[in-house]
Amino acid sequence: MLSHIALLPVLLPLIGAPACAILRRPVFAWGFASSVAALAFLSAAILLKLTFEHGVIHYSLGGWAAPWGIEYRVDLLNALVLLLVSGIATTVLVASRTSVWHDIAENRRGLFYVACLLCLAGMLGIAATGDAFNLFVFLEISSLSTYALVACGRDRRALLAAFNYLVMGTIGATFILIGIGFVYMLTGTLNMTDLAQRLPGLGESRTVFAAYAFIVVGVCLKLALFPLHLWLPGAYTHAPAIVTAFLAATSTKVALYVLIRFSFSVFHLESSRLALSLEAVFITLGIVAVFAGSLVAIFADNLKRGLAWSSIAQVGYMTIGIGIGTAAGLQASLIHLFNHALMKGTLFLALAAIAIQVGGNEFSKLRGIGRRMPWSCAAFTVAGISLIGIPGTAGFVSKWYLVTAALAGEQWFLVLLIVAGSLLTAVYIWRFVEIAWLDSAPEKATGGDGEAPSVLLAATLMLALANIYFGFDTRLQVSASGGAAAALLGEAAQ
Amino acid sequence: MDVLSYFNYWAVVVLMMLGFFIVIARANLVKKLIGLNIFQTSVFILYISAGKVIGGSAPILSDDVTLYSNPLPHVLILTAIVVGIATTSVGLALVIRIHAAYGSVNQNDILKQDQQC
């Protein structure tokens, strides 16, 4: 009975989406979508607790035993990602009302929430499933709804951004499909646990490498790892503010989960001949991403675009963690995955609040905004400090673990680069602080005055407080990610 | 002989590269979608070819057949075809909206219009 709960986080939004489409009034759709996400969050929280206590939870869909049927397999890593994605989704959806009412035409609001729920179902499905092909299907469910969500933006440039995302996302997903096809031809199974047992027996087969290469390239397109990031700035900048907050905090994280799952659970990256060169690739691309992303972010004249580039930089940190290749590096990567979702969730929600009041996120419109919207800007600043990695915030914890992992590997140069990257982050966060708090407001204020709507503000502040809370009480991320990293490398060692 | 026995896979490679090239090289958004479709279809053929067992019959249970082809790749590809259709329809819907907003489906024209304003 208890194992049925592994299905709940996926099933709720998947059934909730068509049910939401029936609701005529957008307010009802908003309420319904938020409560479905909250229920998914609740079941994910129970799942995480169960996996802490009982270890891995298996669930066979329809009662078909594992290698033949589709299995949902939830261990600490899955549960952490499930909790994170559903938690962020709940916060963002509850907060979304005013921003969605501001951004989206009335006849589309109901359907907007349907797409949100579908997207959520897809991402939770990716995180819960133990079947490689099932993962591809869920990936496409979430991607397709994401394209629709991005296209909802007010600006017509959102359409082209969504189209570009569609083309690159489909190429990425098809690459993953090719990779899965190769491993299926080799092993005759699609179950990840089964694959993990059969692949090492094939030795140094070139087909295995080709399959892994296809999957990595496909996933990295979704992950927006430099230089496969081209879709991300456009999509994040022109999407509705709420969609950006939702995507930035969840979709790249899920893609990173897929990369980790395939690299360590399925293909045993660390024990194969390919490992050494691939780790170098991840570290190099990660560092280039950190610097390229941060530098563009510094010179962006639209804050939302700047933060989109900053997301590319942060993805770089996460892949550096994977590239280090030790349990500590992997753990750092997972902690940063968790913390970065909190930071970017706060930052983009604060931007959503600002966009409602001043009608945009260009720096020219933000002068003196700190005096008019002190709470939203305070939340933004806290999350920004966390992004830099100053002690007392969640960001510090992830940087600390990353630097420790690099030190343990005696990669001094890497440590230097990580710290330098943080300094670059400080530059673009400072640029906001200077304009928002230190500049005097323009004579004639554009748009409405005053603080953001209360629900949106409450959600933003809550996420900002979470940034501080998880900077002090690190038990949740550290123990979950530590256990997950040990399990990932332990599985491989057997 | 050896080369010809892999005919399906050669077709897959050729189609895949053709599709990929169209996606990258063409500025017309509809043509990009066509290229994307060819690219996806090549992967469908890859899967279906892998399911064929030489001498095997269609996977329908019968007393006088001992060797069956593998039905699983076909089922998987049915799902992937549905996904492909969904992608194409979302893409075409976007192209219609882009055409309504810009009056063009050529990427270069659209980028030029965006730079002007």
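Even glycines carry a Cβ here, placed using N, Cα and C.
A Cβ distance under 8 Å defines the sequence-distant neighbours of the transmembrane segment (B:6-24), meaning residues of its chain 6+ beyond its ends; these are 31-32, 34-43, 45-46, 49. Residues or ranges marked as transmembrane segment by TrEMBL: B:6-24 (among others).
The transmembrane segment annotation in TrEMBL covers B:36-55 (among others).
The transmembrane segment annotation in TrEMBL covers B:75-96 (among others).
Remote same-chain partners of the transmembrane segment (B:36-55), defined as residues 6 or more beyond its termini with a Cβ less than 8 Å from a stretch Cβ, comprise 8-9, 11-13, 15-16, 18-20, 22-23, 67-74, 76-77, 80-81, 84, 87-88, 91. Non-local neighbours of the transmembrane segment (B:75-96) in the same chain are 29-30, 33, 36-37, 40-41, 43-44, 47-48, 105; each lies 6+ residues outside the stretch with a CB under 8 Å from one of its CB atoms.
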